[in-house]
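Below is one structure; the comments refer to it alone.
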Amino acid sequence: MDKGVPMDFVTVLLFALACSLAFASDPNPLQDFCVATKDSNEFVNGKFCNNPKDAKADDFFFSGLDKPGDTSNKQGSNVTAVNVDKLAGLNTLGISVARIDFAPYGLNPPHTHPRATEIIVVLEGTLYVGFVTSNTNNRLFTKVLKKGDVFVFPIGLIHFQWNIENTDALVFAALSSQNPGVITIADAVFGANPPINRDVLSKAFQVDKNVIKYLEKQFK
């Protein structure tokens, strides 16, 4: 009889590891709340906690999402994010919110949230939204949303929202991280500091280096 590790044990171990990876997200709190402190100069993967006895109602409060964001920019959109940096009480709770305003035909350009799934609800306007699956399928899912519609963008996938009408639009979003992060694809690729080598970009996008040079100028 084989005296090695029992197969039943190996199966359970692999299943446990798979589950722990599948449910990986912001760490779960081990107490009622962990209000983030701004007094520490130490850098950690998250925020240090204030003493719970010192917590107050304002630690769990943010005001201002009733006010439209400034959409007078090239993209015609504005994201007002309420994450742990703006609402200390979000620390360890694994959630944040955002208000997204759109001018007529405004665009929230293709981007990703490396640490969060995003779900949106349209309060005003009509939006064309979508996301792209990972390599190698790169499948595009799109939908036209109207007032009251809800759509979800899976964690880490490139997605966008575009106002397709000549009226303002408004979206509220919830994200499954206290600090979801955002990587706007064009900004990251063509606005990197210092710039990515043009030979790399020229080969990656299969275009002349003069095209890359032109695009870089748009994101300075």
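Just so you know, glycine gets a Cβ as well, placed from its N, Cα and C.
Per TrEMBL, these features apply:
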- 1-24: signal peptide (SIGNAL)
- Cys34-Cys49: disulfide bond (DISULFID)
- 63-213: domain 'Cupin type-1' (DOMAIN)
- Asn108, His113, Glu118: oxalate binding site (BINDING)
- His111, His113, Glu118, His159: Mn(2+) binding site (BINDING)
With Cys49 (disulfide bond) as reference and a Cα-Cα limit of 10 Å, the qualifying binding-site residues from Asn108, His111, His113, Glu118, His159 are none
Measuring Cα to Cα, how many Å separate His111 (Mn(2+) binding site) from Cys34 (disulfide bond)? 30
Just to be sure I understand the packing, how many Cβ atoms besides its own are within 10 Å of the Cβ of His113 (oxalate binding site)? 23
Site with most surrounding Cβ atoms, counting all protein chains shown within 10 Å, from the disulfide-bonded residues Cys34, Cys49: Cys34
Around Glu118 (oxalate binding site), which residues of its chain at least 6 apart sit with Cβ under 8 Å of its Cβ? Val152, Phe153, His159, Ala173, Ala174, Leu175, Ser176, Pro180
Long-range neighbours only, meaning 6 or more apart in sequence with Cβ under 8 Å: which ones does Asn108 (oxalate binding site) have? Gln75, Ser77, Val79, Ile100, Phe102, Phe160, Gln161, Trp162
